[in-house]
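Enquirer: Mind looking over this structure? Questions follow.
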């Protein structure tokens, strides 16, 4: 789960990480009132969307008067902001953050992310923060510093000092960095985050550090422990199909192809998409119905897939372990009738009650194309949509 910058900064502030004063705004009038309350003389008007690259996309602007704030707020609110993370369609801006301007001297980068290979938390930092951090990571990876933190000990002063000095800090800035790193790590652990990123972490002309941006990703599996974080969720920033799927406990991710996929098990789902690609097709989604799918869940899965106008065919690939093939067959038949299916459907079933499931589909009177192997299933659905 992601949240907005202004929400992330409130979390950072609650853990003692220095951030500028700022006020969220949902209208131009609220933006003007926020600027008046902050007092100026310089403000930053920031688009709030769940994507990076806002500055390059024109979603972050500096204002030097209340009139500037009013004009910029009007320009940015409602715009379709396009960045390298939104895709070509962009993301509509529905919220702004009006913030005090900052004395920017040196933009640094710092983040925490779980490293599954080492089972530790990676503290990643760079002296080259700001809008071009992706290019820095690609072109000059030697400017990226990584320190692995053992969850049993947490971040040590020695580790913090090593990173701070590696990104060019000295004097009191090092001590401030140690404090920020420790608080950031506590924030990361206490909120069950999967990513906490500050870009940039500003070092001003006096050597003081402050987080000028905040990005959070949270582990969805741990959200039951954090109702206060769940309350920050902005459904307008999420794919409507994915939001709908989550209501039925379906793992769904939209893709750009034209072949809908319904599979049980994440590994099999990924293998199914790979096989479709191998035979010249393009998957329209990732959809894992899980091991406890009911006919009702299968029906909802079909409805969600078919809301995508790009879907020209559907491939159902089921391995019957805990999930019985006859249960899926019942769901497929019910779904086909409920949605009045009018695109080709290929079904491949293997495992528990396989023969019964196949018999039910064959006797359903529906134009369902059967397949015995993944290769056969992929070949048939690719041919059917061409």
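Placed from the backbone N, Cα and C atoms, the Cβ positions cover glycine too.
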Enquirer: Can you tell which of 46, 92 Swiss-Prot lists as binding ATP with 53, 54, 55, 99, 102, 107?
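Expert: Same ATP site in Swiss-Prot: 46.
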Enquirer: Per Swiss-Prot, which of 221, 258, 264 sits in the substrate site along with 321, 322, 323?
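Expert: Record check against Swiss-Prot: substrate site with 321, 322, 323, extra candidate from 221, 258, 264 is 264.
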Enquirer: If you take the centroid of the Cβ atoms of 264, 321, 322, 323, the listed substrate site, which other residues of that chain have their Cβ within 8 Å of it?
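Expert: Apart from the listed residues, the neighbours are 265, 290, 291, 293, 318, 319, 320, 324, 351, 352.
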Enquirer: My understanding is the cutoff is Cβ-Cβ under 8 Å with a sequence separation of 6 or more in the same chain; which residues meet that for residue 102 (ATP binding site)?
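Expert: The answer is 20, 44, 202, 204, 210, 212.
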Enquirer: Measuring Cα to Cα, tell me the gap between residue 55 (ATP binding site) and residue 323 (substrate binding site) in whole angstrom.
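Expert: Residue 55 (ATP binding site) to residue 323 (substrate binding site), Cα-Cα distance: 48 Å.
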Enquirer: What's the most sparsely packed of the binding-site residues 199, 264, counting other C-beta atoms within 10 A?
Expert: 199
Enquirer: C-alpha of residue 53 (ATP binding site) to C-alpha of residue 199 (Mg(2+) binding site): distance in Å?
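Expert: That separation, Cα to Cα, works out to 11 Å.
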Enquirer: Would you give the longest CA-CA distance, in whole angstrom, between residues of 264, 321, 322, 323, the set recorded as binding substrate?
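Expert: Spelled out: the longest distance between any two Cα atoms in 264, 321, 322, 323 is 10 Å.
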Enquirer: What is the biggest Cα to Cα gap, in Å, among 46, 53, 54, 55, 99, 102, 107, the residues listed as binding ATP?
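Expert: It comes out at 19 Å between the most distant Cα atoms.
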